Amino acid sequence: MSLVAAERIKLFSTRSPWWCALVAIALPIGFAALLASQGGDEVPLTVGTTQAANGLGRAVIMVMAALAITTEYRFGTIRSTFQATPNRVSALLAKTAVVTTLAAVIGELVAFGSWAVCRWIKPEADLALDTADDWRSVAGVGLVFALTAVLALGVGILVRQTAGAVALLLVYSQLVEGLVTLIPRIGDDIHQWLPFFAADQFIGNDASGQPPRDLPLSPWGYLAYFAVIAVAVLAVAIITANRRDA
Amino acid sequence: MTLLATERIKLFTTRSPWWSTVLALGVTVGLATMVGLTHDGPRPLTLTQTQFGTQFGLMVILVMAALAVTTEYRFATIRATFQAIPNRTAALLAKTTVVALLATVLGEIAAFGSWAAAKITATNTDLALTTADDWRRVAGTGLVYGIAAVMAVAVGILVRQSAGAISVLLIWVMLVENLVGLIPRVGADIQEWLPFIAVQRFLGNPGPDAVLGPWASLAYFAGVTAVLLVAALGSAAKRDA
Amino acid sequence: MIEATGLTKHYGRTVAVDHLSFTVEAGRVTGFLGPNGAGKSTTMRMVLGLDRPTSGDVRIDGKHYRDLKLPLTTVGALLDAKWVHPNRSARAHLRWLAKATKLPRKRVDEVLDLVGLGSVANKNAGGFSLGMSQRLGIAAALLGDPKVLLFDEPVNGLDPEGILWIRRFMHRLAAEGRTVFVSSHLLSEMAQTAQDLVVIGRGKLIYQGTVSDFVENATENTVLVRSPELTRLADLLRADGVQVVEDGDSIRVANLASSAIGELAAAHRIVLHELNPQLGSLEEAFIQLTGESVEYHAHDKEPTA
């Protein structure tokens, strides 16, 4: 627990996590407010559409998580960390716990904040969380944010460079997965096994507007799949960090 | 000319332009090759399909151009630069020019490379560049990369931080501009005037009812970039290095 | 006690540390000397478990650093004063280190006062001068009240006031009976602080022992002699195969104890006006020993006879 407390102090004693948290929460909720306030009656507002912009928050969380570890390498504090805690696995897992928890909290704030702001702007819309699916697509955002943070930390530990890690994460999640679908014949089959596609399937927010396809996994199956990939990347990263010179 | 030479040396003596080149060209042309290899069916491969990967190259260019200036701030070499060349506007313009030229060259190689790779690997296609529109859609990539690099340099000068500049650029291009379209009623109209949507019109086939034609779209993109660059140069000249 | 046996570190093809074995005795100040690039920092990083030795081993009180429980309570170190997040306050930097070491929060303020940073504790470390950063680094090293302390070039780049402060601090730590292992490329600096020396060049051990032995063994001893019968004495010495250099109204006798010269003179009834053993400076000794192992040579030295 003292390691977790140390990492908590470390994270919150610099400005960037605060800024990231603020932007990660404000951007999607602001967007949701725009969606609700500009929408006429022709397009009904659903629980799913209130979550249309949470990808913005997730992108910022990726940046925050990557920064949390890459700045340690950049400023050399990783050496102090490993001096104080030579068991690198524990030190890095403590950091993961802190960053992941923060990401989960931000995710829930984004999800319920977006949902609440839409309800407030459009009280007449049917936004009650009636079904388990409704709950999954709102409350599930926290889980996705947390696992995204795990993945981003893993990439950050491996790459060690802020610019590289941030660029890699953003370009991969926002562009590369989408480009894969453009490969004829095999593109779609590959795409449905890519991690961020899996994460989107769990929340059930498909912004592409395409008819649902026959997917190999259920929403919870996709979450588990995303979790396995995130944890695998982190595991490889921690093993690497444990072996190499700090 | 001396300034340009100085900036050229500075850029090419670090690693980032080299891996940017490898990534931008490798992934772009690689994707076109895959498209060409996997393509079959009755419909011939289109020019658009060969150019999918240039989107990825564009992101690499944005990152590379932003880093070219933010790393100067990070390692404080910007002070050495401004000591050597007290006219900051001239120094930064020289840097912008060098980065933009590299980006333009990379854009042309990426675009024609992708086109050639798809043409060689795909059967059942001719992919001839016959019309002026065809040429614009391939050769235009170089212009887009060049201008986009200028925009990224401008954002880099304004933000001065690698992580910040890269995040702002990438999240804007890949997420914000797309999400704007989701806003009911006004979203689509606003989206027409966003800079990278304009780029898509220039590299695509806009219909006759588009708000701007292809070349006007490029001019608009260049205009937005120019405004950002002027703002960046103005603030760099005023603030402490 | 720090014990290194056969410590070796390769970076690709470069051999940074080459089969280095030495001991740092408990309760003494040991200087770690070598020219820049000799492998001092690499060795220190291996002591702290930050870099993995290619081969060989280094232990602190018989244990690997990685096996120490709450290591900051056993070993404190200052390797690079700039290893702090520029946007984190000095106090926050020490607070997380204290947390990770299970130390009470008041210990943070104690060490801050100890190094004289109490008044700027809430300022961001990025705005600190080098001297202040160095003090913060020392505060971090002392946080766990460790018996063993490692400092890598602690006076590098400091102004005279800062150097004096660090030097006094080292003396104080030594007086408290702590084991101090401090690296430097300046021998004169070490002569003021250290009792023992470990000298390396190009990653290899050159000398291990006390400072005084080092000076005695490594310096070329000459004796300055003045006498009214200088020529006769010089001839007698030369006849015994002793090297003599004439120097105005005196001669310098190499590698012969002053007592032997005195006895020789007495046997031949020669009056001596002066018989003065000359000790070579530490710097000369150091350069003589490490001269061949300086990594980046300036080729301007005369060949030695």
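Glycine too: its Cβ is placed from the backbone N, Cα and C atoms.
Now, the feature entries from TrEMBL:
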TRANSMEM  B:18-36  transmembrane segment
TRANSMEM  B:56-76  transmembrane segment
TRANSMEM  B:97-118  transmembrane segment
TRANSMEM  B:138-159  transmembrane segment
TRANSMEM  B:166-186  transmembrane segment
TRANSMEM  B:218-237  transmembrane segment
### Task
Output the single range from B:18-36, B:56-76, B:97-118, B:166-186, B:218-237 maximising the number of Cβ pairs under 8 Å to the transmembrane segment (B:138-159).
B:97-118
### Message
If I count Cβ-Cβ pairs under 8 A between the transmembrane segment (B:166-186) and each of B:18-36, B:56-76, B:97-118, which range comes out on top?
### Response
B:56-76
### Query
Residues of the same chain, at least six outside the transmembrane segment (B:56-76), with any C-beta under 8 angstroms of its C-beta?
11, 14, 16-17, 20, 23-25, 27-28, 31, 92, 95, 99-100, 103, 106-107, 110, 141, 144-145, 148-153, 155-157, 159-162, 165-166, 169-170, 173-174, 199
### Message
Same chain only, please: residues at least 6 beyond the ends of the transmembrane segment (B:97-118) with a C-beta under 8 Å from a C-beta of the stretch. Say none if there are none.
### Response
4, 7-8, 11, 17, 20-21, 24-25, 28-29, 31-33, 35-36, 39, 45, 47, 49-51, 53-54, 57, 61, 64-65, 68, 125, 127, 129, 138-150, 153
